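As given in TrEMBL:
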- A:6-24: transmembrane segment (TRANSMEM)
- A:45-68: transmembrane segment (TRANSMEM)
- A:120-145: transmembrane segment (TRANSMEM)
- A:151-170: transmembrane segment (TRANSMEM)
- A:182-202: transmembrane segment (TRANSMEM)
- A:237-256: transmembrane segment (TRANSMEM)
- A:268-293: transmembrane segment (TRANSMEM)
- A:320-349: transmembrane segment (TRANSMEM)
- A:370-389: transmembrane segment (TRANSMEM)
- A:395-418: transmembrane segment (TRANSMEM)
- A:430-449: transmembrane segment (TRANSMEM)
- A:469-488: transmembrane segment (TRANSMEM)
């Protein structure tokens, strides 16, 4: 690690701590803690949404996936981006109009029952834990590689940092860390992309035609099918990508950090442009890494390809650019895990403790205390799990989180907003079926059971697909439907209320 | 919790403000207009999105060259970006019209939209 590299790391960490210091002064109530008091502007929240989106999995993962698998890696970019339309068209505004801090708030706006809130909190916590372990394991591996320190120290550093942001600065600090990181990440990506394009004399056609002979895949590198050969598996993965985002708690939470539905909407537009441009640039990152670093060297650094972007930065811009990109990747992980801690803590402290155990009879001060204790607990729990999960495949954990989000959360969100007949039994059965079917099908999939060295346990997979979305998402919808029609009628009066609130933003 | 605003269900048959609004002609018209916009476009973008993996999985038609050295699969992929940007711009434009409609309805019922 050079002096410059260390300076970038210290600089970025220092900047985020300054932000946290100022945010801490403005974090005195539960609303300020969970949602920054709804005080973010459209572009601020847009950048923060983009930041949440461009996790380490996006930046490091997609660059590596395109470098190694050509077009098949680009499926992730497309899926994550089109997912925005699902969020914008079907979920964002009703959610914003009905909820307060959490997904459970929104479902409880229609069904005011403890078991609904408890189930929604359970699925939120499950998603947060999987996603968090993925980020922490990835962070540990990255920092280990970049700084040459032990895995467990790396995980502890990230863990302590995320706890500090959330504990003292709440959502305000988390959002600003996210904004800073989104800006830095875009700068880094644009610089690398321009350098890659320069190598191809700023001619995209030359780049594509050169790529036909740049890798061992030959012309096939530019065609789909290098990684995803089974059509059903391909469909299942693309389903999880496009439907999962609309159920991810830390993304949904971003719609409560602005003052009204109109601002929520404009922030999504900012985010769509930023994220869209970023995902287009992933082509340059991936192609560049394949051509100027080479598959062998990428795989030698990390089998999943996660080091493609930093290695490309080194090949094109030397140690200086590599240090900058690595520091940005570190900031990316910090920002995303902080958001995850916050959404996990809100499910524990607000839903389970505040609303279920204390039945909403809780003072502002108690709420804040509960939120902080919950943040520390979520952080410690995730750090411990991450220390044991070092050998787990990061991409697998992320896709699992997406799959649970799509299967357990999306059906109940859509039914709650749009289906008049929907009732309590339907809501509980949809969430539990989506959650359990996703978890069980993954547990018996080739990720968990497979030949020596490819999976967690040695054995024959019972379920053939690596991602169960194509089965578990319909299962969630179906269970919600069956649970509803088999049980008592819905409360038409309550649906009238939900429909008016969702469509007009009126809260009586 | 003190600041949660839940309207208690009245025991009488008297309609709540929500029910009055939900039952009004204007509200029904707004929901209908909204759905007429949201449903077809949602179906469209999902079909457009899933047609990409379907075509790449079950055919090689997209592997043919489109513009110079770039094949159709990249053009189609780029079209997904154009679609996402266009549809999100269209959404905002439409949503502003719906805001106007819901403002009108709320003022008809002499209620104000309250923040939380």
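Note: Cβ is positioned from N, Cα and C throughout, glycine not excepted.
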Using a threshold of three or more Cβ pairs below 8 Å, and leaving out pairs closer than 6 in sequence, do the transmembrane segment (A:120-145) and the transmembrane segment (A:237-256) count as in contact? yes
Of the listed stretches (A:268-293, A:370-389, A:395-418), which one yields the highest count of Cβ-Cβ distances below 8 Å with the transmembrane segment (A:45-68)? A:268-293
Kindly say whether the transmembrane segment (A:320-349) and the transmembrane segment (A:469-488) touch, using the definition of 3 or more Cβ pairs under 8 Å where each pair is 6 or more positions apart. no
Ranking A:6-24, A:268-293, A:370-389, A:430-449, A:469-488 by Cβ pairs under 8 Å to the transmembrane segment (A:182-202), which is first? A:268-293
Before we move on, state whether the transmembrane segment (A:430-449) and the transmembrane segment (A:120-145) share at least 3 Cβ pairs under 8 Å, counting only pairs 6 or more apart in sequence. yes
For the transmembrane segment (A:469-488), what are the same-chain contacts with Cβ under 8 Å, counting residues 6+ beyond its ends? 232, 235-237, 239-240, 243-244, 402-403, 406-408, 410-412, 415, 419, 421-434, 437-438, 441
In terms of Cβ proximity under 8 Å, which residues at least six beyond the ends of the transmembrane segment (A:151-170) contact it? 13, 16-17, 19-21, 23-24, 27, 32-34, 36, 136-137, 139-144, 176-177, 333-334, 337-338, 341-342, 345, 371-372, 375-376, 379-380, 382-383, 386-387, 390
